[in-house]
Every structure is written in structure tokens, then in C-alpha cells.
Amino acid sequence: MNALTYPHSIDSDGLSERSLLDVSGVTLQYKTRRHLVTATYRVDFQVFQAERYVLLGPSGCGKSSLLKAVGGFLQPVEGAIRLNGHTVTRPGPDRMMVFQEFDQLPPWKTVKENVMFPLLASGKARRREAEEKALDCIARVNLTKFADVHPHMLSGGMKQRVAIARAMAMEPDILLMDEPFAALDALTRRKMQEELLQLWDDLRFTVLFVTHSIEEALVVGSRILVLSPHPGQVKAEINCDGYDHGAVGGAEFQALANRIHTMLFAEDVEGSGKGPSA
Amino acid sequence: MTDLSFSPRPLPRGGFSGGRREPPLRPEYERTVTATGPIGDVARPLSPWERLSNVTALRRLLVLAAVAALWQAAAVWQNNPLMFPTFTDTMAALWDGIRRDGLLSMAWTSLSVLLKGYAVAVVLAVLLTTVAVSTRIGNDLLSTLTSMFNPLPAIALLPIAMLWFGLGEVSLIFVLVHAVLWPLALNTHAGFTSVSETLRMAGRNYGLGNLRYVVTLLIPAAFPAILTGLKVGWAFAWRTLIAAELVFGVSSGKGGLGWFIFQNRNELYIDKVFAGLVTVILIGLLVENVVFRWIEVHTVRKWGMVR
């Protein structure tokens, strides 16, 4: 059960210098046709090397907006996002994104070409090297047989695997996943979560993962940022390393799940931003 | 009056009274799955007839044959070779035209002008739409220009073109560009704007620059719409060219298909007029069913973007 242990213990001193991603005081706003909507308000968090950091919250808590801001698709109106000490200003291949939607793969490229595309586009690898890397990553997500197939021939789960392989091949500083398994059926989702954990166990990449499912957060994550909605504000940060699917339903797991549920649920009822501290 | 009270009276359900009806408790069971042997083949090959009817070219040939037969019947019934020659007479005239009047070289003259105009228009359309997706003012420019010029018939520009460029190929190319550019630009732009937000973000995630973003991401992603634009542009170009040649007559010593039709009408060789029209139609069919179909099969169909 505890195959996924935390790589290093953390002490609370001098952490900010070693953090990979530093989000400080970030307020995000976006305009609809009539309103200026504040998605998040002064959110702070830090992500460290090899962490599986989960942004968890109900819809409207700005977790996806936060991820997009880290991706560079959205500029904060207040605060700053730093990756390796550099402020994020625009999208770039050092932060590869895996989206929820299945149409994230260009349909005119085969699986292999899709994985090679960002490698070539960013000039990170030459054609032969890119091909080797692509085939290696495709093998890691168990799609070797489908390397020369176009995405429309694949199932939803397979498309998400390609997207993960594509992101992996780039060896980004941080992997951004925006509810990548939300559009999958429950059985496939579970399998994909296990595969992601297995991949992480092999490669020890850093991932920032957005979800609205408490169970998924606990299984996939090593640390969870709980956000409250309208606008998104930090509610808690929780360690949850070492839970896999075998732990689901266990007493400890349930207690933690209930604790998070209470936080989110209390928020929902009161709508005032002061739920009971658990 | 309102009967919305919550009195707990039992609802009559299928004649069963007395509380909630529970489904029956039935025994569980497990089975081992039968091997496919006794079931027979899971997949059966289609019969020759079914496979034959799946060949699109064959079905379309059938339609063409039916149209030809209808034409023949109508012409025989009319019995007026001067006004409405039969299908077989037209074919004979077509053969005669190819052998003696150089119909093929005339068709080539038309085609080469057409291709030049088409190519120029495609390049211009790509440039214009690239500007339109990159900047807001470019977008305004494109939508204003297309709404201004798209409804303007290309032939209406011919007198001015003749005045500006003289009685030559350049005038023809000018009207052709006008005929192709606007519908193609309109379709391409519509295609660009309908590319999904996820795909755009994925492209930007790769760090693609403006031009590479358009070439490697937007154009393939919008290709179904672009292909439609190319087809519409092709049809517009053909119409415009034949009409222009009818007005124009001979350009630079060599007549095109329009000229062939015009000349033979003047001499009342109506079967040859029909032969000229059939040539136009045949080239159209060929381009649509061979050239565009080939492009379609190897791009948007292969990619699963259209069925």
C-alpha cells in the first residue's frame, strides 16, 4: 500500500528558496460579456520537486484558472507566479499541460507524430531523437501498438494516455493536469490513476493536478490545496501521501475524506468563507 | 381546489395495494463464457453485391449513365437536332472536336489560365486570413472586404479589367482572383475561428510563434472548412472563366473553351456547342471526384475530421 512514499522529508525552514513553483498572492480575474469575475483571491502556495500537488475544490473555486495561470494562459492581476525563480508571463513548453478534453490532440497527426510535435516545435530535439523519445514515452503508457494510428481511432482513455506521453516526452519542469480523467468512465479513470502513479514512481516528475473529486485527490496527490469558491481562496493544505486504491474505504482514508468534505460542504452552506476548522 | 396535500395515502400501482412494491429477490448465478466455435464466425465477409454497392465511384457512374439515358430519350423524343442534339450526337461531336478542332488544347488553354488565377488567389487568401487571425484590425479588414466584394460578380469587373490590363491573360487572371479570393478567405477564416480552444491552447503550450502557429496548427485544424472554400472557389473560377471567354473571345492568339462554344454557336454547330459544355462538365467532374476527393481522402477523412 505504501509504495508511494514521499521522496524527502520537509522541514518548514527555508522552504521558499527550494520551491520549484511559487505562487504568491495571486488574484485572477476574467471578463465575461457583462461582468468582471474574480476567479481567485490572493492565493499562495508552493510546489516542490517531485510533489504530486493537487488543487481541490468545488466548481467556481478557480482551480482551473489557477492552473491556466501557471500555464501562462492567464495573467494574474495581482501577485506573481514564479517557476524556478522566473516569473511566468506566457505559455511555454517547460510547463506541459494535459487537458480534460479529448480534442487536445491534433487529429491530423498520428500518435507518434503527436508526441513528437512539441519536441520538434520547441526545438528540444531533432527528428531522430524526438522519434526515439516519443516511442519510449508511448511504450511507457502502453500504446506501442497504436503508435501509427490517428487519434480518432482511439478511445477516450487512450487519447488521454497520448496526451500524458506527449507531456512526458518534453520532460517539463512541471506537468499541469486539468481534470485529465474527468471525462472518462469510472473503470478507465481508476486504471489511469494507477498508471499515473506508476509513471510517477518510475520518473519522479512534478505534477500540479486539478480535480473536484476528493477521492481522486487523495489517491493521486501527495499534498492537497483545498480551495473555497467565489472567489477561490486557500482553505487548507493537507498531506495525503501514501494512499492508493487499496486504501480507499479504510478508516484513515475515510476520516481524511470526511475532513475535506466537511471543509468544502460547510463552505457551500454558509457561503461566508469560514467553515469549521477540522 | 388545489390537491397538493401530502396525505400518505397509498397510490394504486398496477393493482397492487398496500405500501411500496419491492422487486422480487432472484438467485445469483455465474457462468463460463462459451468459446466462439459453436456460435460461428463473429465477423462475416460481405457478399460481392454488398461490396460492389459500397464502391462510391460505381454508384456515381450509375447516376451519370442514368442522366445520359434521360438526355438521349428526351432528345430523340424532341427530334430537333438543331436545338437539342442527342447524347450520342454530342459524343460524336466531342470526338470530332478533339480530333480536328483541337478541343483538348483549347481546354488546356483555359485550364492553365484558371490554375494561375487560382494559385494567386489561394496565396492571397492565406496571407489575408493569417493577418486576420493575428490582429484585430486584420479581422475587421477581412470581414469588411469580404462583405464588400463577395457579392460583386466577377464578370462585372471584366470591363474594368479590360480597360486596365488590356485583352490579355492578365485581365482574366484578375477576374479569376476576384472570383476565388473572397469565398476562400471567408471559409478559411470561418474555419480558423471554429478551431477548439483546447487545441489552440495546446499549440500555444508548445511555444509556437505566430506564423508557425498558423501553418502547423490552425491550417490543418481548419482544413475541412478550407477544403470547402477551395471547392467553392474552384467552381466560381470555372464559371467566371468560361463566361469571360465568351465575352472576351481570343486572348493572345489562343482561344479557350468559352471561345470554342461561342464560335460554334455563331456557326450553328449546336452539337459542338454541347460538346464544349460537356467538356466543361467533364473537367468539373474530374477535378471534384479525382483531385478534391484524393485530397479529402488523404487529409480530413484520414484524420477522422469528416465522415
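Yeah, the Cβs are placed from backbone N, Cα and C, and that goes for glycine too.
For B:19-29, the entry in TrEMBL reads compositional bias 'Basic and acidic residues'.
Under the heading domain 'ABC transmembrane type-1', TrEMBL lists B:107-291.
Per TrEMBL, region 'Disordered' is recorded for B:1-29.
Counting same-chain residues at least six beyond the ends of the transmembrane segment (B:61-78), those with a Cβ under 8 angstroms from any Cβ of the stretch are 84-89, 285. Feature annotation from TrEMBL assigns transmembrane segment to B:61-78 (among others).
Within its own chain, the transmembrane segment (B:113-133) is flanked in space by residues 139, 141-143, 145, 169, 172-177, 179-181, 184-185, 188-189, 192-193, 211, 214, 218-219, 229-230, 233-234, 237-238, 241, 251, 256, which lie at least six positions past its ends and keep a Cβ under 8 Å from the stretch. Residues annotated as transmembrane segment in TrEMBL: B:113-133 (among others).
Residues or ranges marked as transmembrane segment in TrEMBL: B:145-165 (among others).
The transmembrane segment annotation in TrEMBL covers B:171-192 (among others).
Below 8 angstroms of C-beta separation, residues 118, 121-122, 125-126, 130, 133-134, 154, 179-181, 183-188, 190-192, 194-196, 199-200, 203-204, 284, 287-288, 292, 295-296, 299-300, 303, 305-306 of the same chain, each at least six residues beyond the ends of the transmembrane segment (B:213-236), sit close to that stretch. Taken from TrEMBL, the feature transmembrane segment applies to B:213-236 (among others).
Sequence annotations record features per position, and here TrEMBL assigns transmembrane segment to B:242-262 (among others).
TrEMBL lists B:274-295 (among others) with the feature transmembrane segment.
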| said: Per DSSP, what is the helix/strand/coil residue tally across the compositional bias 'Basic and acidic residues' (B:19-29)? | reply: 0 helix, 0 strand, 11 coil
| message | Checking distant contacts: for the transmembrane segment (B:171-192), what same-chain residues at least six beyond its ends satisfy Cβ-Cβ under 8 A? | response | 113-114, 116-118, 120-122, 124-126, 128-129, 132-133, 142-143, 145-146, 149-150, 152, 154-155, 157-158, 161-162, 164-165, 218, 221-226, 228-230, 232-234, 236-237, 239-241, 244-245, 248, 251
